[in-house]
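Among the features that TrEMBL reports, domain 'Glutamine amidotransferase type-2' is placed at C:16-238. Per TrEMBL, active site, nucleophile is recorded for C:Cys16. The [4Fe-4S] cluster binding site annotation in TrEMBL covers C:Cys254, C:Cys400, C:Cys457, C:Cys460. The Mg(2+) binding site annotation in TrEMBL covers C:Ser301, C:Asp363, C:Asp364.
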4 protein chains.
Amino acid sequence: MPPAHPFDDDKLKEECGVFGVIGLTDAANFVALGLHALQHRGQEAGGIVAHDPEQGFNSARRFGYVRDNFTKQSLMETLPGPLSIGHVRYSTAGSKGAVIRDVQPFFGEFSMGGAAIAHNGNITNAEELRRELIERGSIFQSSSDSECIIHLMARSLQKHAAERLEDALRRVEGAFSVVAMTRTKLIGVRDPLGVRPLVLGRLGDGWVLSSETCALDIIGAEFEREIEPGEMVVITDKGVESRHPFRPQKSRFCIFEHVYFSRPDSIIGGRSVYETRRQIGVELARENPVDADLVCPVPDSGTPAAIGFSQESGIPYAMGIIRNQYMGRTFIEPTEQIRNMGVRLKLNVNRALIRGKRVILVDDSVVRGTTSRKIKDMILDAGAKEVHFRIASPPTAWPCFYGVDTPQREKLLAANMSEDEMCDYLGVDSLRFISLDGLYRAVGEAQGRDPASPAYCDACFSGEYPVAPRDMLAKGFELKAAE
Amino acid sequence: MPPAHPFDDDKLKEECGVFGVIGLTDAANFVALGLHALQHRGQEAGGIVAHDPEQGFNSARRFGYVRDNFTKQSLMETLPGPLSIGHVRYSTAGSKGAVIRDVQPFFGEFSMGGAAIAHNGNITNAEELRRELIERGSIFQSSSDSECIIHLMARSLQKHAAERLEDALRRVEGAFSVVAMTRTKLIGVRDPLGVRPLVLGRLGDGWVLSSETCALDIIGAEFEREIEPGEMVVITDKGVESRHPFRPQKSRFCIFEHVYFSRPDSIIGGRSVYETRRQIGVELARENPVDADLVCPVPDSGTPAAIGFSQESGIPYAMGIIRNQYMGRTFIEPTEQIRNMGVRLKLNVNRALIRGKRVILVDDSVVRGTTSRKIKDMILDAGAKEVHFRIASPPTAWPCFYGVDTPQREKLLAANMSEDEMCDYLGVDSLRFISLDGLYRAVGEAQGRDPASPAYCDACFSGEYPVAPRDMLAKGFELKAAE
Amino acid sequence: MPPAHPFDDDKLKEECGVFGVIGLTDAANFVALGLHALQHRGQEAGGIVAHDPEQGFNSARRFGYVRDNFTKQSLMETLPGPLSIGHVRYSTAGSKGAVIRDVQPFFGEFSMGGAAIAHNGNITNAEELRRELIERGSIFQSSSDSECIIHLMARSLQKHAAERLEDALRRVEGAFSVVAMTRTKLIGVRDPLGVRPLVLGRLGDGWVLSSETCALDIIGAEFEREIEPGEMVVITDKGVESRHPFRPQKSRFCIFEHVYFSRPDSIIGGRSVYETRRQIGVELARENPVDADLVCPVPDSGTPAAIGFSQESGIPYAMGIIRNQYMGRTFIEPTEQIRNMGVRLKLNVNRALIRGKRVILVDDSVVRGTTSRKIKDMILDAGAKEVHFRIASPPTAWPCFYGVDTPQREKLLAANMSEDEMCDYLGVDSLRFISLDGLYRAVGEAQGRDPASPAYCDACFSGEYPVAPRDMLAKGFELKAAE
Amino acid sequence: MPPAHPFDDDKLKEECGVFGVIGLTDAANFVALGLHALQHRGQEAGGIVAHDPEQGFNSARRFGYVRDNFTKQSLMETLPGPLSIGHVRYSTAGSKGAVIRDVQPFFGEFSMGGAAIAHNGNITNAEELRRELIERGSIFQSSSDSECIIHLMARSLQKHAAERLEDALRRVEGAFSVVAMTRTKLIGVRDPLGVRPLVLGRLGDGWVLSSETCALDIIGAEFEREIEPGEMVVITDKGVESRHPFRPQKSRFCIFEHVYFSRPDSIIGGRSVYETRRQIGVELARENPVDADLVCPVPDSGTPAAIGFSQESGIPYAMGIIRNQYMGRTFIEPTEQIRNMGVRLKLNVNRALIRGKRVILVDDSVVRGTTSRKIKDMILDAGAKEVHFRIASPPTAWPCFYGVDTPQREKLLAANMSEDEMCDYLGVDSLRFISLDGLYRAVGEAQGRDPASPAYCDACFSGEYPVAPRDMLAKGFELKAAE
């Protein structure tokens, strides 16, 4: 199971996608399709829980792609019923060994019935909560922060699961888009800042919750609306009830969902993600023009921005780098060294096209910078005359604590170097990032970023964390000094 | 193992790729990499034979992708030595059940030593040869036409394998690019028409044979030259010896290699395949202009032509259809029908972009027309105002007998309908194919096609077969009536 | 993975075996061997937990035989450290689908450190405890009664795990032989009645706990002593500490361990199990003599009693039924019916030996009687003149609630028929069971069974349950009426 | 897949079993059952070929046990038709890596139709034949001697397969029991000496060929008769035709089939194999009495002889060694050495029984002597006072070239030592083998062995080879010097 994205090892990674269905026969089959469409949000593992009035709760959790597990008749038949939720998750880089117990949804049997939850985001006070719960006799099965939610629910004095979930989430800090289910209810919640996405769709008599709209499309569901930051929807056969269990706050949606995480065919805040990315390319071309022969995307995530850059600059768009559709990662390295073999397994330069040309490479971000260097090498080996990098996001200088897998701050190239130093380090003729204001303009904020009250969470670029990362601070993480 | 191309079931399919290495330590590791780069030429199965002076011949043949089989240390260690060849092959549509015995390379032990061969192409008199060989006591192990070659070699009165191979190939009709090996020699041969590609590369002290140049790139080998039509090269540690064992003929390279089979980053006849395809888009825009808002490729193979079409027409290029990078093919269909579920698993329309637009869709070819209809449906469902198909090849009206898996003639849309009828059948606002002359211009023949002596094999479009398909004629296949 | 015993489907089944090691390098490797020797006590699944000072707790739980899972270097290397426990378990007949979460050892993280437990036996008030724990916020992961113990431990107010375990087991009713571990301690406990076995062994500087002595033999450990009923041993690097946390009671060891469950090469209460079984055959011959030509065991469990019967009666012992060493259970039944195919896959009659003979068949028990009938058919088909069944246990008329998988009372042949009716039902010339007194004599009670205070638990024969089966009574199970 | 016999590595091993069926619906299902019953004759791999009038020939060949492969509905459905043959084979010790191409039945397509063959035995001039066939253009697919037969058939000038098989077998030297099939015929042949067994059975309207009668029993077929040495039976829907294509010779059936290879529930030459082995024990007790307390078999193959020894000597029979029914072979050896771990995985001594006793151990044969030593060690460790080995065959001093896997002569203990030296080497109190005359008496030759014209092939004991081992002689093997 090779990665679907060529540079997974040098990208920020969304950690989860969630999906839920109520009111459709064999709901788990829809969930499987929805998770397949959300696979880019979590490639490591997936799980589905379903409830049937006669057979009760059933669940299946598997490592690997949705398409390889949840397509088997024999498995899907064990998940009957009109109510189902599912979850896909990413591998945490460097974890000592993934275990199936960490795969969501998590399930708990309470005295008035059971509930299952699937969580996208990250709880920033999870370690504190876990310590407290263990002291009081809870037994944790996983190393996941999300498991706190189910234990908090188990200990709630509320009778029903929806109210137990409210209780639990009021104790939780950080970012969460949660899809949960009881025997009769499908529940969706977003944290007050609305950091992670969650949308509501409709299919026939059924309702659907999904991280992104692209997963509504795959099952032919109509997009209804986004769940609002701080909102909880409780869906039964009587319809959708909306609650607001949290103190209201100004929302701070993750701006990186626009840049990279979400699928280009999803719609966020009424805007096509593809179109936003193309617009980033336009802004990028305006902010950082350069004379060149070709604009080439680093496949595949740089493609929309490269198209926009080409259209704005008038420099022809071309596929200078071809991605191998059958990517692999573990071939035996032959005795005689192959230069940059890891990259060659995934990409190849279109040599006849590149030779003698001045090439603009458009990529979505620079994280460690390791693959950017290798790509530059390949392009120069192929005979390019000049290489100019244009990056569709500002320098990534701070880790995310809200559900994205980022390297430690020390490993982030932009945490250690200025833009010029990075250019030298990468060995390219020029390197330019879009400005934070430019990025805000591309996502529709005509005035750019309002420093007093930014419309998005942009902590990875700005170092301004909208929720204090309590567990990390306890471990010694240092916030950006006040300026 | 899902298909890497979204519409494998409605495409012509190249049936094989071949690769060979001599003079490099653990040559099989290079072959594995080369086959990985040639995986698009054959996804069903792969095989590698290697020879080591001490351990003799070893082989491994497996169903599935190269990356899933030939990346295991334990397997690769069983293939030591400096001389190795390999083969990837496609599944033949509708075959009752693939068997590992059909997977190449084929090996034969002769009285003066053994030899292995890997064949790309198709032998048009294979059935006749097989009957004759069985009558004389040969026992066939596979249902493959290519096995004839090894039996003909076994019965040759020549002493050495290279001469036995010459003997064998002189009996064979049809298309063949063969890579073969003995204990000390790497051999490459192309049929006199040179229908299938074969190139020679160099890496350090070693030599490489490959179906395409993209597989030289992956191991960092330098492209040396193409093997000429009708040429046999015999490579030993003394270097490359060139022979010409066949009666010379005018070459007829497969023009569809340019249109679809070869990888866009390969170089054929000195031309970038990507650039040729972009040029096809340019010709297509010239021949068949249409007023519209967007030019969208049918991913991924339509992309270069769509770029060319956009550049020539000035109509903006856009990714109106997004391919799911984790394609699957066998999800359980939920009870409530999902319209066009098969396509949705692979593609999604960028709805926010398409709505209300006049869209030009550029695809590489129309075979049965089944997926074209589904894509049109999706585009219209998403609210497009008009849909115009532009096809980067002429109507495919005749089956290929030279190593490409084509449906029977009756199943080819263009064998049964005129262009207008196809337009009606597909239900689009317009449908235009590039002309045969336009295609010839795009591949560099400024005057277009010379009907008296065409530079390429274009039988699938023209019905003019450069080699009589003897076995098929015996079964009743009818050639195009003389005009 | 076929069953090792030919008539698993018509036998009482021990549900678990436990094993633990402290003070030996890579203790898990010894545990794997010990579990292999205890495989007859639980064929469905196995699990091992190990603790290493540097790497903490690690665990692996797998379906299938120990030999197929815990022999892989890659797996065993994930279980380092000098302290390890393990568990094998049987499939519960009719369970809807075994899940890995039900496989022991169970692990819990408490506020002062973690602990793992492995349990042989059955908790007769588990459902009551589970309800209570869930009401107080515990989340159960499995459907196993044994999981109660770990939750009771988590809620104990004691600081250390050993004391928490004492607390927990005082709440528990029924039968238990528990092996547990913390970071530094190996703990063994038997319930006050000592229904299930547990022995202590020594190997070099290390200590071993095991269900049976045969598992000490496989690793070359010396048998030290049995853990006493009601005793808890806490073993650290300082040695073995003995505690007695329960109110003392007269012990009631399971007499069926002698008859069938334990391995013949184990030693229980100072007696060879093989020798006890041979003695049962002697008693059986004395109580129920019959004139015949051959004494044949029903393989393999009837063998020792048949030897004893032959020796006491003077009738020659012979292998009239041969067991297929490669037993299978799921061949496709050919169209033309094969009579008794299920039995034929496992056994064959030694036809040349049996023809015309009067045969005594010695079997260990009659449960449903289904296989006894099939064996009788095979023997008669082979031409036997007479068939006499002699059974090495009294009629099994009551289910076990102390860790043995028995059919519901309605399914037990002896619950519904008298001895004569069973004889008719089986269609044999005679059928005799050993008397309960005879069985007691064979296990060393010279005076037979003391009805006022039986030395063993013999509830499956007598219907006298030494511990009230609380959960079952709540579900309506009716005890034997007082006489 | 562990071995079913505890000492496979120190036993002579039969190399094959064959089975065929004609005239029964879905014949392959019967063949699967038959092969399961013959699994002891070949544990490594199995294959089945079936023919259906509509679907032609189909085959499946697999490594592993019959029960693990040929029980799957999906596989068995690919083998339809009323005519089927199958084969099980042993692993050849030390072969560099078994390949599926070596697994029989072998299939060949001839000009008048195809045929499949399954061969039990060994061709002593196979290498000579192979050289000759390769020179004439045959391509071998396997390293098996048996493949010669199919190539000889392919080159025969006869029209039909049965006559081609006669032609082929007349060229072949050595031992063979062959089961073959064409589209309409089931054929069985034994070599003129009749070294390997082959029997004919009947089930309803169908006919069955099998290596042993135990495989007739499993499908409920009636034993009809043995195929005679030198006989060919050709079975069609018209019945059984008997031919005698070879020059008649006095038969020399393999005496070791009686001692060890065949299953005890098979009948050979009208005698129960079990009864013959018991009689060997009787002869052994007469020839080599010893005063002792217990007679114990080395499980399982020594059991019948031990029973006979006990009955003749009056010394009680006892199970002093218990076999682990779940044998394994590859546990990780814990750091602290476990003495004789390999043996402990398979056997355990019944310590309580053995302590202080004088024990007679009855085993079927001594090959290398390695396991005999380990067993002796275990018995002495358990406290036995004396250990006396009694062996149910004469010293094995010569390799077999007729289808049995024997170590090279140098590795055979009896080739290098006298009986007394072996006794010293094994470290036992006494060691006695049955005499060759005693063995002949036990198999029914009242006068013992006739040195002028022995009734059996006993080359492994006597060094007198009834067929010159031509290939081996060419490689330097030295026959026994004339006395």
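In case you wondered, yes, glycine gets a Cβ from its N, Cα and C as well.
Everything TrEMBL records as a feature, shown here on the structure.
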residue	record	Cβ within 10 Å
C:Cys16	active site, nucleophile	24
C:Cys254	[4Fe-4S] cluster binding site	27
C:Ser301	Mg(2+) binding site	23
C:Asp363	Mg(2+) binding site	21
C:Asp364	Mg(2+) binding site	24
C:Cys400	[4Fe-4S] cluster binding site	23
C:Cys457	[4Fe-4S] cluster binding site	26
C:Cys460	[4Fe-4S] cluster binding site	28
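Residue pair the residue listed as 'active site, nucleophile' / C:Ser301 (Mg(2+) binding site) shows a Cα separation of 19 Å. Note: the Cα of C:Ser301 (Mg(2+) binding site) and the Cα of C:Cys457 ([4Fe-4S] cluster binding site) are spaced 21 Å from each other. Looking only at the binding-site residues C:Cys254, C:Cys400, C:Cys457, C:Cys460, the one with its C-alpha closest to C:Asp363 (Mg(2+) binding site) is C:Cys460. Sequence-ordered, the extra residues of this chain that approach the [4Fe-4S] cluster site, with Cβ no more than 8 Å from the Cβ center of C:Cys254, C:Cys400, C:Cys457, C:Cys460, are C:Val195, C:Ile255, C:Phe256, C:Tyr402, C:Val404, C:Asp458, C:Ala459.
Here C:Cys460 ([4Fe-4S] cluster binding site) is positioned 14 angstrom away from C:Asp364 (Mg(2+) binding site), judged by their C-alpha atoms. DSSP classifies C:Ser301 (Mg(2+) binding site) as coil under the three-state reduction. C:Cys400 ([4Fe-4S] cluster binding site) falls outside any helix or strand according to DSSP and counts as coil. Each of C:Tyr260, C:Pro297, C:Val298, C:Gly302, C:Ala305, C:Val362, C:Ser365, C:Ile391, C:Ala392 belongs to the same chain as C:Ser301, C:Asp363, C:Asp364, is absent from that list, and has a C-beta within 8 angstroms of the C-beta centroid marking the Mg(2+) site. In the three-state DSSP classification, C:Cys460 ([4Fe-4S] cluster binding site) falls within a helix.
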